[in-house]
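First the structure, in the form of structure tokens, and then the observations on it.
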């Protein structure tokens, strides 16, 4: 738009500098948009490789990543509702989705790996559903305590007089709580139960596991 106006005025060869809040926000939005396109796929790819190497299961790698991404999207939505209707702010700042993504995906996968490792270990000598129940029980207290501490830490940011930190604290705290009390104890175990032995495909546990039978 500006370039066209300069050409009409015969000033296209001149170097024009634009300043002010509007141009600064525009540049920030463009840089953030570019960073999202690079960082989000890169983080997902790296986590996928690490999960695949650690768990030896393509299926588990997929649903562990998907559940964390669902938690992240839900946290953004719930955070916007609270920020918009609770604080009267029309929109979340451009940097929040990127910052929240990095923190929530990293923390969420950390919790998932810790819990799923317990399930994998118990699966060596226990039936499928019993291994899941015991794995969730064994890791539940540690993950819940860590989640509450982290959520409280991020929630402290909401009392600061800096709007971007307030928004980041709200979204991240909600995301940690969702991951701690919904994804980890409910969603991931439910998916693992429904998939049965295919949750371990194509690892060694898939080859060893018997088809899951209904337990009375």
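Positions of Cβ are set from backbone N, Cα and C atoms, glycine also.
Unlike curated records, TrEMBL annotations are generated automatically.
Sequence annotations record features per position, and here TrEMBL assigns domain 'SSD' to 65-193.
Long-range Cβ contacts of the transmembrane segment (38-55) within its own chain (Cβ-Cβ under 8 Å, at least 6 residues beyond either end) map to 61, 64-65, 69, 98, 101-102, 105-106, 109, 113, 116, 120, 203. Taken from TrEMBL, the feature transmembrane segment covers 38-55 (among others).
Long-range contacts of the transmembrane segment (62-83) within the same chain, counting only residues at least 6 positions beyond its ends with a Cβ under 8 Å from a Cβ of the stretch, are 44, 47-48, 51, 89, 91-92, 96-97, 100-101, 104-105, 108-109, 112-113, 116, 167, 170-172, 174-175, 178-179, 182-183, 187-188, 191-192, 195, 199. The annotation transmembrane segment is assigned in TrEMBL to 62-83 (among others).
Residues 28, 32, 35-36, 39-40, 43-44, 47, 51, 54-55, 60, 64-65, 67-69, 71-72, 75-76, 79, 131-132, 134-136, 138-139, 142-143, 146-147, 150, 164, 167-168, 171-172, 175-176, 179-180, 183-184, 188-189, 192, 200, 205 of the same chain lie 6 or more positions beyond the ends of the transmembrane segment (95-120) yet place their CB under 8 Å from a CB of it. What TrEMBL records for 95-120 (among others) is transmembrane segment.
Residues annotated as transmembrane segment in TrEMBL: 132-158 (among others).
Per TrEMBL, transmembrane segment is recorded for 164-187 (among others).
Note on the domain 'SSD' (65-193): mean pLDDT across this stretch is 90.
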